[in-house]
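Comments concern the structure below.
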Amino acid sequence: MGKVYDWFEERLEIQAIADDITSKYVPPHVNIFYCIGGIVFTSFLIQVASGFAMTFYYRPTVAEAFSSVEYIMTDVNFGWLIRSIHRWSASMMVLMLILHMFRVYLTGGFKKPRELTWVTGVILAVLTVSFGVTGYSLPWDQIGYWAVKIVTGVPEAIPVVGASIVELLRGGVSVGQSTLTRFYSLHTFVLPLLTAVFMLMHFLMIRKQGISGPL
């Protein structure tokens, strides 16, 4: 094992990377409230893992979506637990995100030179809300259906382009299979990818600029 490690160490300088990660200075004023962002990240990882597990059984069609969710809850081994964890971690992610943004705002973490860190955080907040909207519709029950109908109908009030935006969101004039397909694609591929990218940017900027000082 030593020779294998030495081979990688010679090419990748693993020890230098590990030292940089573990030796980063942490200001003395940092307290438990500075860990809330990490809870948001942990909740996201739980969401990814539990959501991925459910994709093996969920069927994104208007005819089978609800029954496939019922199957997950009643017939799949620990399916009820996996879906419950997915829902609980979603609520936890939203709650911790709100608290995290309050903490950053109250401690002035958005000020120069950390403006871009704040911007990426706001984008991540929008993506998190989008997760909630798209995920809410996937069981395709009465609540999900009407929630989608209301949410996608909101842009209709925008002059000139409102109707086009509604049709783009729904995949047609009315809510149906195209709408569910789009929301499923957004929820399972587009939004996770964008969230991962902006989280990486967020973390790299925090790593580069360090934790903001006390007020």
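Cβ coordinates come from backbone N, Cα and C, glycine included.
Annotated domain 'Cytochrome b/b6 N-terminal region profile' per TrEMBL: 4-215, in sequence order. The transmembrane segment annotation in TrEMBL covers 32-58, 88-106, 118-138, 184-206. Among the features that TrEMBL reports, heme c binding site is placed at Cys35. Summarising the annotation, TrEMBL assigns heme b 2 binding site to His86, His187. If you look up TrEMBL, you'll see His100, His202 marked as heme b 1 binding site.
Overlay of TrEMBL annotations on the structure.
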residue	record	contacts (Cβ under 8 Å, 6+ apart)
Cys35	heme c binding site	none
His86	heme b 2 binding site	Ile46, Gln47, Ser50, Gly51, Met54
His100	heme b 1 binding site	Ile36, Gly37, Ile39, Val40, Gly121
His187	heme b 2 binding site	Gly51, Phe131, Thr134, Gly135, Leu138
His202	heme b 1 binding site	Thr117, Thr120, Gly121, Leu124
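In the three-state DSSP assignment, the secondary structure recorded for His100 (heme b 1 binding site) is helix.
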